[in-house]
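The structure under discussion appears below in the form of C-alpha cells.
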Amino acid sequence: MGRFISVSFGLLVVFLSLSGTGADFDCPSDWVSYDQHCYKAFNDLKNWTDAEKFCTEQNKGSHLVSLHSSEEEDFVVNLASQSLQYPVAWIGLGNMWKECRSEWSDGGNVKYKALAEESYCLLINTHKKGWRSMTCNNMAHVICKF
C-alpha cells in the first residue's frame, strides 16, 4: 500500500511539473498564447481603423495588440517576424493627438490641425525594436490580442 501511494504521488508530481502551474491559458488553435493572452499576426494590410475593426471581429475581446512590458514586446516582435511579409504592424495606440491635451510654453492651447491634417497612429517594427508613428490611413499588417 505504501509503495502504491509513493508511486501515485510520484506520478502526480511529474504530471504537475509537465503541466506547469495549472494556470495555462487556452487559445484557439491558430493563435499563440503568452502571459494569459492570445495573439495572432495577420498578413492582411489595413489602415489603423480597419485593422482595429478586423481584430474585434476575430474573437470576443480581441483588439489590436497592446504592449505592457519589454518582454511582451519581444514576444510580439518574434511572432510578427516569423509570420508577416513586411516588418511593420499596427499596435493599439491610434490617433495619438485626438485625446492629448498640450499647451505651448506661454500657456496657449496647441491646435493640432495646424500641425498636421492627418492623424498619427503607432506601429511596431519587427526589424528594430520600438514603436514608430505613421499616418493612420497608411497600410500595415495586423496583430490582434485578447
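Every residue gets a Cβ built from N, Cα and C, even glycine.
Between CYS144 and the candidates CYS38, CYS55, CYS100, Swiss-Prot records the disulphide pairing with CYS55.
Within its own chain, CYS144 (disulfide bond) has TYR39, LYS40, PHE42, PHE54, CYS55, GLN58, ASN59, SER62, HIS63, LEU64, VAL65 as residues 6 or more apart in sequence whose C-beta sits under 8 angstroms from its own. Using a 10 Å Cα-Cα cut-off from CYS136 (disulfide bond), the recorded positions that qualify among CYS27, CYS38, ASN47 are ASN47. Predicted-model confidence for the domain 'C-type lectin' (34-145) is 85, expressed as mean pLDDT.
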